[in-house]
Each structure stands twice: as structure tokens, then as C-alpha cells.
Amino acid sequence: MAISFYKYQGTGNDFVMVDNRKHNFPAEDEALVKSLCDRRTGVGADGLILLQDHPDYDFEMVYYNADGRVGSMCGNGGRCAVRFARQLGVIEDVACFLAADGEHQASVERDLIQLKMNDVKEVEQVGEDYYLNTGSPHYVRFVEDVQALDVYEEGRAVRYNDRFKAVGTNVNFVQRLSENEIYVRTYERGVEDETLSCGTGVTACALVASLKGFNSPVKVKTLGGELEVSFERTEEGGFKHIYLIGPAKLVFTGSIPLQS
Ligand SMILES: N[C@H](CCC[C@H](N)C(=O)O)C(=O)O
């Protein structure tokens, strides 16, 4: 037996996408998901996404980290899932879909996908750093020179500290580039390495930038390309009407032989 897959990427965060509307993908097989994401012995990806039918939504996105475990929300993956749904003919230019953190609306405009993220109620300050959940948990630290940083080492120091070692966290390092632009590098939980970009991380960093005086929209550079985040602040210290805007592209398609 074989399963068709599609490889997508959004600002360099890459995903194996599978049309699982017929429920023929053995998603409970953690080792299979992990091996497909392996960059030497598999397709190679930061995560795997199943697109499934849902009675109340255009589709459901089920996200797995590269380690094979079912994950939380993925912002770059969400944009890729919208592009994939459009290619499959599941949607046209707008979508309302379900992900791990609930409902998301999205629209497609040429190369760009605008993805609505869930409201953020609070941002915790941790010393000079910040911790918030934008669908996935994100630790945010502003630094002077993000290019010079060893993101792997510094990221792991936070990821495996006493607070986070059991549940994990993504760790973002941010440099201010100008009054409306930041540069973000992210150590991703579940990949356990730096990725080229992380959508929920970029969103988290833009919201923290707002606390530091930035206005919406915030432009964000990553190793894998550029994104934009727009938002409104709430009177209670949170954020609403949060949109992550950026590209999502099909890279190639293929077929996976499955041992029966
Ligand atoms: N790459 C994703 C984040 C995946 C979240 C995952 N790494 C975790 O929190 O376990 C993004 O674009 O938002």
C-alpha cells in the first residue's frame, strides 16, 4: 500500500501534508510520522499535517511535530494547510478550519495567506523575558544581535530548565531592526532544534514587541523569509484580531510505500 503526500513550506518551515479525508493514514504510528520527517531517511520536514473532514468546518488540521507526537497549533503549518485545502478543491479563497487550539479563519490572496490566530489573554513577564501562548507555548527574549547567537544552545538552556523540561516550550530570540520591524530566530520544541521560521513564535514576538512600543502591523524577518503580524490590544492587557500573514508553497508531491 502507498500513501500520497505533498511537501509544503511556509517561510522555510516545512511539512509533509497528507489528505486524510478517507482516514487511511495510520496516525497513531508515532514512529512512522517521525521517520517521514527524518531529513536523511524520510521525506524530511519540521512536522506532518493531516487534512481531515469535519462536520462543522471546511476541514480539520491535525499537526504532528517531527518527533512524531501530536502537537499544538502551528502558524506556518496552518497557512500551508489552507493552501493545500485550496489545491484539493476543499475551499476557494476563504476557509474556516479547526486546529488543536480551536477555530481559525483564513483567506488566500495570491502568494499570501492571512491566518487569524486565537486571542491572547495574557503575557507573563519572566525577569526581562516573556512567556505567552499563541496556540503553542512561546518564551520570548529580546537580544542585541540575534545573528551572533547560538540559538541551539541558548534555546536548549531555556527549553530544558526546571520550569519547562517536562512539557517543553518553544524559545524565540528577537532583535529590533527598526520601529516596525523585528528579526526572530526560534528553537522549536518537538523538532528540538532551530527551524527557519515558526509562525506562532513570530506572532508571539510581534505581540511582545507591542508591549515594547511597536504598533501593528509588525514586520518580521526570519531565516526563511518575511511575515507580518497585525493585532489589536485589549483593555485587559491581552490581544485580539491577531493575523499572521505570509506565504505558503507546494514544493513537491510523492508517494510513501507502507509495509503491510
Ligand atoms: N512551527 C510551528 C510551531 C509548532 C509548534 C511546536 N513546535 C510546539 O509547540 O510543540 C509554527 O509555525 O507555529
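Counting starts with 1 at the first residue shown.
Backbone N, Cα and C define each Cβ position, glycine as well.
Among Asn24, Asn65, Asn215, the residue that TrEMBL places alongside Asn13, Gly75, Asn76, Asn170, Glu188, Arg189, Gly199, Thr200 at the substrate binding site is Asn65. Around Thr200 (substrate binding site), the same-chain residues six or more apart in sequence whose CB sits under 8 Å from its CB are Ser72, Met73, Cys74, Gly75, Met117, Thr134, Gly135, Ser136, His138, Asn170, listed in sequence order. Counting only same-chain residues six or more apart in sequence, the Cβ atoms lying under 8 angstroms from the Cβ of Cys198 (active site, proton acceptor) belong to Asn13, Gly75, Asn76, Asn170, Asn172, Val184, Thr186, Glu188, Thr222. Of all the recorded positions given, namely Asn13, Cys74, Gly75, Arg189, the one with the smallest number of surrounding CB atoms inside 10 A is Arg189. Cβ neighbour count for Asn170 (substrate binding site) (all protein chains, 10 Å cutoff from its Cβ): 26.
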